[in-house]
Amino acid sequence: MANKNQTLGEFIIENQTEFKYSSGELSRLINSIRLAAKVVNHEVNKAGLVDILGAAGDTNIQGEDQQKLDVYANDVFIKTLTNREIVCGIASEEEDDFITIIGRNKKNDNKYVVLMDPLDGSSNIDVNVSVGTIFSIYRRITPEGTPVTLEDFLQPGNKQVAAGYIVYGTSTMIVYSTGHGVNGFTLNPAIGTYYLSHPNMQFPLDGNIYSVNEGNYVHFPQGVKDYIKYCQQEEGDRPYTSRYIGSLVSDFHRNMIKGGIYMYPNTSKDPKGKLRLLYECNPMAYLAEQAGGLASDGHMRILDITPTELHQRVPFYCGSKNMVEKAEHFMKNA
Ligand code: AHG
Ligand code: MN
Ligand code: MN
Ligand code: MN
């Protein structure tokens with residue numbers, strides 16, 4: 001089991017028997033993600049020195065202005081994942097449609113689809129604040145030997161076989177799960193190796209941090225407003241502390257370590273919420289549950305939602321179990 005100061009490579013080999021499918025394939029898949037993460041990390045680290053800051057000039061399918069680093073990270077992850085013979089399809093926040101990978105032998109016999117948010121927290125790039133990458137992995141459900149279809153990507157989050165994120169922060173970390181808890185690895189940039197720094201990460205059952213963009217308060221549903229008021233009341237361990245970075249990865253990472261709740265509600269402006277079910281909410285929900293936390297759309301478990309479209313958005317409430325349950329209680333009784 002988890003052993004501090006192990007390298008990520010050693011950890012993958014030591015724990016591969018716990019993975020219910022072919023362990024070598026998953027190892028290669030995680031390996032390609034850690035490699036792409038190193039390349040992106042290198043670029044993020046020198047972002048102020050090279051011409052990689054600012055807008056790329058295009059708008060993505062989400063209606064957002066793409067940043068140069070959004071495009072760069074998207075390209076690096078797609079190229080790295082395509083070059084290994086493991087992935088049969090990729091869906092990305094930055095791509096209109098999913099990408100089909102037939103494999104070098106043209107047999108369509110790769111087994112995994114990867115869904116990703118290549119660069120999370122785009123609005124923080126230009127101001128030297130932490131950004132991240134989020135990934136979600138499923139086995140394909142259509143038969144091998146045929147090209148992947150939309151169905152392979154629209155699986156509920158409870159079918160994920162692995163998920164994780166990279167946080168390009170004060171140090172760079174990869175945090176992931178294959179269904180046996182959550183482990184975090186920190187990159188030693190001098191030697192380019194990730195070490196197990198955070199074995200068996202656990203969401204504290206309770207916390208005192210709430211993370212939400214309160215600038216949208218007037219547009220929130222009544223139940224969310226009531227819960228925020230509850231967080232701010234003076235009673236017991238309240239008022240809670242408000243912390244919001246604006247990069248889901250970083251906000252989640254802090255809350256998992258310290259205890260807290262992250263909320264991105266539906267608003268009167270965005271009736272379905274802002275965050276993407278497939279690239280952001282499902283992988284984070286999987287990690288949250290693996291770490292003993294919860295993730296909800298306000299009424300039901302995120303991982304049980306059956307997606308109907310690739311870029312689907314959902315309201316998102318995620319974090320320490322007792323806090324998410326309390327928020328749900330306010331929403332039910334509003
Ligand atoms: P992305 O940069 O991948 O488009 O994601 C942005 C998301 C998420 O990272 C963050 O928590 C949230 O949007 C911030 O939104 P607001 O600026 O509306 O608070
Ligand atoms: Mn975006
Ligand atoms: Mn994002
Ligand atoms: Mn993004």
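In case you wondered, yes, glycine gets a Cβ from its N, Cα and C as well.
Owing to the predicted nature of the structure, the values given are computational and were not obtained by experimental measurement.
The feature domain 'Fructose-1-6-bisphosphatase class I N-terminal' is assigned by TrEMBL to 7-199.
When secondary structure is read from DSSP and collapsed to three states, D117 (Mg(2+) 1 binding site) falls in the strand class. The C-beta environment of D117 (Mg(2+) 1 binding site), restricted to residues of the same chain at least 6 apart in sequence and closer than 8 Å, consists of S92, E93, G132, T133, I134, F135, R276, Y279, E280. What TrEMBL records for E93, D117, L119 is Mg(2+) 1 binding site.
The Mg(2+) 2 binding site feature in TrEMBL is assigned to D117, D120, E280. Mapped onto three states, the DSSP output places E280 (Mg(2+) 2 binding site) in helix.
The C-beta environment of Y244 (substrate binding site), restricted to residues of the same chain at least 6 apart in sequence and closer than 8 Å, consists of S211, V212, N213, E214, D251. Annotated substrate binding site per TrEMBL: D120, G121, S122, S123, N213, Y244, K274, in sequence order.
Marked as domain 'Fructose-1-6-bisphosphatase class 1 C-terminal' by TrEMBL: 205-332. Using DSSP to sort the residues of the domain 'Fructose-1-6-bisphosphatase class 1 C-terminal' (205-332) gives these counts of helix, strand and coil: 57 helix, 22 strand, 49 coil.
Proximity to ligand 3 (Cβ under 6 Å from any of its atoms) holds for none of the binding-site residues L119, S122, S123, Y244, K274. Most Cβ neighbours within 10 Å among the binding-site residues S122, S123: this distinction goes to S122.
Close to ligand 2, meaning a Cβ under 6 Å from one of its atoms, are these of the binding-site residues L119, S122, S123, E280: S122. Over the domain 'Fructose-1-6-bisphosphatase class 1 C-terminal' (205-332), the average per-residue pLDDT in this prediction is 98.
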